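Student: In case it helps, TrEMBL gives these features for our protein:
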- 5-180: domain '3-hydroxyacyl-CoA dehydrogenase NAD binding' (DOMAIN)
- Gly9, Gly10, Gly11, Val12, Ile13, Gly14: NAD(+) binding site (BINDING)
- 185-251: domain '3-hydroxyacyl-CoA dehydrogenase C-terminal' (DOMAIN)
Amino acid sequence: MTRTAAIIGGGVIGGGWAARFLLNGWNVQVFDPDPNCAAIFAEVLDNARRSLPGLTDVALPPEGAISFHATVAEAVAGAAWIQESVPERLELKHKVLAEVQAACDPAAVIGSSTSGFKPSELQDGAARPGQIMVTHPFNPVYLMPLVEVVPSAQTDLALVEQAETILHSLGMYPLRVRKEIDAHIADRFLEAVWREALWLVKDGVATTQEIDESIRMGFGIRWAQMGLFETYRTAGGNAGMRHFMAQFGPALKWPWTKLMDVPEFTDELVDLIAGQSDEQSGHLTISELLKARDDNLVGLMRALKANDWGAGAVLNAQQKAIDPRPQSLADVADLGRPILMGRRAVPLDWTDYNGHMNEAKYLQAFCDATDRFMELVGCDMDYIATGGSYFTAETHIRHVAEANAGDVIDIHTRLLGGEGKKMHLWHEMTRNGEIVATGEHFLLHVSLETRRPSEPKAEIVAALAQIAQAQAGLPLPEGAGRHVGQKR
Ligand SMILES: NC(=O)C1=CN([C@@H]2O[C@H](COP(=O)(O)OP(=O)(O)OC[C@H]3O[C@@H](n4cnc5c(N)ncnc54)[C@H](O)[C@@H]3O)[C@@H](O)[C@H]2O)C=CC1
Ligand SMILES: C[N+](C)(C)CC(=O)CC(=O)[O-]
């Protein structure tokens, strides 16, 4: 079922929310008084389309439709989620929320992107306070999973749960803030770090570049995979957190921090920081910086995904929920046809210096499809733990067309032979039905103990026989059995 989200305020954050919903199959209706809004969105959407689809190993649903509206009332019509992302001014947020509530479905979620206002402040004077909550995202919203969900005592908790379910389905991580406070949880940290950095620049201790290096070469990388407490737990050695606190607790009383105070934002300080920032990064356009940021975030999150850890575990959960591939033989609608063993978008980190999908990644994609086929016939992790598995003995890949970042590729798999220890697979990679590549793979069942060919268990033999029989009537695929150097 396609659902509709209304985006009220289409700047940096509204644009990111629009992309997140749209690329997850929602229709998006936008209101922003800025006549350039559609043009700004086009760039955000380009960046999102480049980066988000390849985060998971399963394709996202088909994109929804986006439309721009002249009034708030038009934009919220029929919307199940309304996201307010207007500038951070309370009186403006009140005005906009009143307009939203005058026209929207009373059962819709109204989330505010506010970085700092408490939900009770937003609800002040509202027609239906229970409908309003803070849903504070992180930039870029289309890639970052975290959303701080902050209800007040008046917010309808059933609606909060509904909001969290929707956020999960969008591949996001709703973090419920149990007690409303100014600036929620994460922005409290960011402000503390920001304040301290301003002091270091003002006092001439460090430049903007040196501060950034101290983060990205050190604790920034650590924090992406473990937070503050888990990191410090490991820093305490085998004695863990208690030892860490015993060692570094006293530092709280040493002059390690100035956090109580904020430097005044004088013109001099603004010039100093902006000047250093220009020197540091002025050789790159903002658009180049955004692309580098997105490429790096995708790479980091995909590394976490491979370890099913942190933000990567969130991606895996979403992937499981949207995976269109059959989970068992009983799920396969027609065993007599090639079986869908892969549907994914080409990730950014699969492309190379030639600007297209790197040859090694074709093998990766076919290998993933083979793994899935093995599971389908019963050679899953439980079976492998008993000491039997398949090894690939021979592979032949044909590159028929180029695939680029973001392209959705399908892999359909045929069993060309499956008797005894032998499994002969034919994978066809297509984009919009057109062949991009083929992979022919010959595998042997082995004993993981002797590392020698061995007979698979009877259930696998039977599953292979069932598929082989169902597909026996199919003509041999064009290109099967080819070798390198043959004329096409
Ligand atoms: N920029 C950031 O890093 C983050 C910002 N936020 C929050 O998101 C909200 C929006 O911030 P940004 O997108 O950065 O600001 P922005 O300045 O990029 O965008 C605000 C947009 O609201 C539009 N607008 C102004 N009045 C409006 C009205 N009456 N109705 C509809 N649209 C209107 C403006 O034309 C503009 O496009 C703020 O509450 C901010 O605190 C949250 C997370 C991160
Ligand atoms: C600077 N900021 C307070 C607007 C930051 C945020 O709200 C979250 C983010 O994306 O860093």
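Our numbering is plain: 1 for the first residue shown, then up by one each step along the chain.
Each Cβ is built from the backbone N, Cα and C atoms, and glycine gets one as well.
Quantities reported herein were computed from a predicted structural model and do not represent experimental measurements.
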Student: Around the NAD(+) site formed by Gly9, Gly10, Gly11, Val12, Ile13, Gly14, list the extra residues of the same chain whose Cβ is within 8 Å of the site's Cβ centroid.
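Tutor: So the extra residues in range turn out to be Ile7, Gly15, Gly16, Trp17, Asp32, Ser85, Val86, Ser113.
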Student: Select the most exposed residue of Val12, Ile13, where exposure means the fewest other Cβ atoms within 10 Å, treating these as the binding-site residues.
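Tutor: Least crowded of the binding-site residues Val12, Ile13, by Cβ count within 10 Å, is Val12.
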Student: Including all protein chains displayed, how many Cβ atoms other than that of Gly9 (NAD(+) binding site) lie within 10 Å of its Cβ?
Tutor: 25
Student: Can you tell me whether DSSP puts Gly9 (NAD(+) binding site) in helix, strand or coil?
Tutor: coil
Student: Of Gly10, Gly11, Gly14, the binding-site residues given in the record, which has the fewest other CB atoms within 10 A of its CB?
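Tutor: Minimum Cβ neighbour count within 10 Å, taken over the binding-site residues Gly10, Gly11, Gly14, occurs at Gly11.
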Student: Any idea what DSSP makes of Gly14 (NAD(+) binding site), helix, strand or coil?
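Tutor: SS state of Gly14 (NAD(+) binding site) = helix.
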Student: Taking DSSP states H, G and I as helix and E and B as strand, how many residues of the domain '3-hydroxyacyl-CoA dehydrogenase C-terminal' (185-251) are helix, strand and coil?
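Tutor: Looking at the domain '3-hydroxyacyl-CoA dehydrogenase C-terminal' (185-251) with DSSP, the answer is 58 helix, 0 strand, 9 coil.
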